[in-house]
Amino acid sequence: MALYAAAAAVLAGVESRQGSIKGLVYASRFQNVKQLYALVCETQRYSAVLDAVIASAGLLRAEKKLRPHLAKVLVYELLLGRGFRGGAGRWKPLLNRHQARLKAELARLKVHRGVSRNEDLLEVGCRPGLASQVPRFVRVNTLKTCSDNVIDYFKRQGFSYQGRASSLEDLRALKGKCFLLDPLLSELLVFPAQTDLHDHPLYLAGHLILQDKASCLPALLLDPPPGSHVIDACAAPGNKTSHLAALLKNQGKIFAFDLDAKRLASMATLLARTGVSCCQLAEEDFLAVSPSDQRYRQVQYILLDPSCSGSGMVTRQLEEPGAGAPSKERLQALAGFQQRALCHALTFPSLQRLVYSTCSLCQEENEDVVRDALQQSAGTFRLAPVLPSWPHRGLSTFPGAEHCLRASPETTLTGGFFIAVLERAEVPSSVSQAETSAPEHIPSAAPKRKKRRCKAAAAPSAPPRT
Ligand SMILES: C[S@@+](CC[C@H](N)C(=O)[O-])C[C@H]1O[C@@H](n2cnc3c(N)ncnc32)[C@H](O)[C@@H]1O
């Protein structure tokens, strides 16, 4: 299918609520997914402007065979995009006939609204705003390489390494081919917002994981020492599982559960690519996993990152700017599941530490879920005070909620996120104290990093010189 026809079909599907842009783009089987996705997002963003221009130019009245969604995509390309890069075929001469009128209507709209740039025609809520300024964070996979090797590789590719950032301002100022080490996380590199590394050889070889900074915190704050047994309750597609495996140095065991077979299949590919060997994947409902099963008797750490509304996701904010909050019914259903999953996790007999995280900004899925689970645990678990310097804290909806962490493009220059770390207040008699001590710092977050090379055994075959 040609690019414009595919884009029109996706737009029509989104409008009739058949799915998200991303889902429909993948389902379209169009070969160049990135190109199609970008075109649909941009057309969607300018939808109201395009509707106004098309209507006032009388395009659909004059051209009865041109369907509205295709017209929108074509007019986007003609007036706001890069011209007909996708080969508009028979539609090109037709659009060219209307070009002068369409351009005049766009110009008239700008005069009417008192603006000079196309971007200024967007409603405030439809501008990508700060979400588009979130840097590209890149986690170094320490199962395969180390930060020094990766930094050297990028330097050889012509990138300029600026050292360790000292503040978020340094991250905000990143431009061009410059990159930094994150001020808080030692294995996290930071590139300018629009840097695309999906085709980079180090990413394809599993040396890098493209993961937002906020989404790196759950595994770091869970902080399981090598050798421990961990449950990743809702694991696919597996970014956090691969991070846990790196912290465990592949020693110990991760029991990873997910309900979704397709997501588990891509997770298996990710784990293979990133060299994870300590993980057992299971297509299973976490709520049906029995805490008394002997296989999990040594599980002291649980990561619970359940399905959520995704209201904090940067891709969502870019894809559907101005999209409203999730409906009350959806929030209730999600929060019900999240709460059941959290309460269930807290019943694992040897559990010492649990991290609950979502990429939602809604209190119902975050502070409310944690508050209710703590109440039900009747003092057995409490919130651990973590990362005192983190600027954005949980909403003060119950005493201690400030121990939770929040994240957003505005406050932390990351996607929107929520994290709560729960720790057992009393140690069960079956588990000795020595086995259970859980540090509260981020192990790799020390302010200064010694310059050291990867150990030979842990180092990957050197990345090819470019
Ligand atoms: C937010 S995603 C997890 C992302 C993952 N932790 C990562 O970092 O890549 C939530 C996942 O929970 C899974 N899920 C939903 N309900 C579940 C259940 N009852 N048991 C296990 N997994 C479930 C979904 O299929 C989805 O893959």
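The first residue you see is number 1, and the count goes up from there.
For all residues, glycine too, the Cβ spot is worked out from N, Cα and C.
Among the features that TrEMBL reports, domain 'SAM-dependent MTase RsmB/NOP-type' is placed at 126-425. What TrEMBL records for Cys234, Ala235, Ala236, Pro237, Gly238, Asn239, Lys240, Asp258, Asp285, Asp305 is S-adenosyl-L-methionine binding site. According to TrEMBL, the active site, nucleophile annotation covers Cys359. Feature annotation from TrEMBL assigns region 'Disordered' to 429-466.
Feature map: annotations from TrEMBL on the structure.
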residue	record	DSSP class
Cys234	S-adenosyl-L-methionine binding site	coil
Lys240	S-adenosyl-L-methionine binding site	helix
Asp285	S-adenosyl-L-methionine binding site	coil
Cys359	active site, nucleophile	coil
Which of Ala236, Gly238, Asp285, all binding-site residues, has a Cβ with the fewest other Cβ atoms inside 10 Å: Asp285
Whole-number Å value of the largest CA-CA distance among Cys234, Ala235, Ala236, Pro237, Gly238, Asn239, Lys240, Asp258, Asp285, Asp305, listed as S-adenosyl-L-methionine-binding: 19
C-alpha spacing of Cys359 (active site, nucleophile) relative to Cys234 (S-adenosyl-L-methionine binding site), in angstrom: 13
Chain-internal residues near Cys359 (active site, nucleophile), provided their CB is under 8 angstroms and they sit 6+ positions away: Ala214, Ser215, Cys308, Gly310, Ser311, Gly312, Met313, Gly415, Gly416, Phe417, Phe418
Surrounding CB atoms that lie within 10 Å of the CB of Lys240 (S-adenosyl-L-methionine binding site), all protein chains: 25
Cβ packing number for Cys234 (S-adenosyl-L-methionine binding site), 10 Å threshold: 23
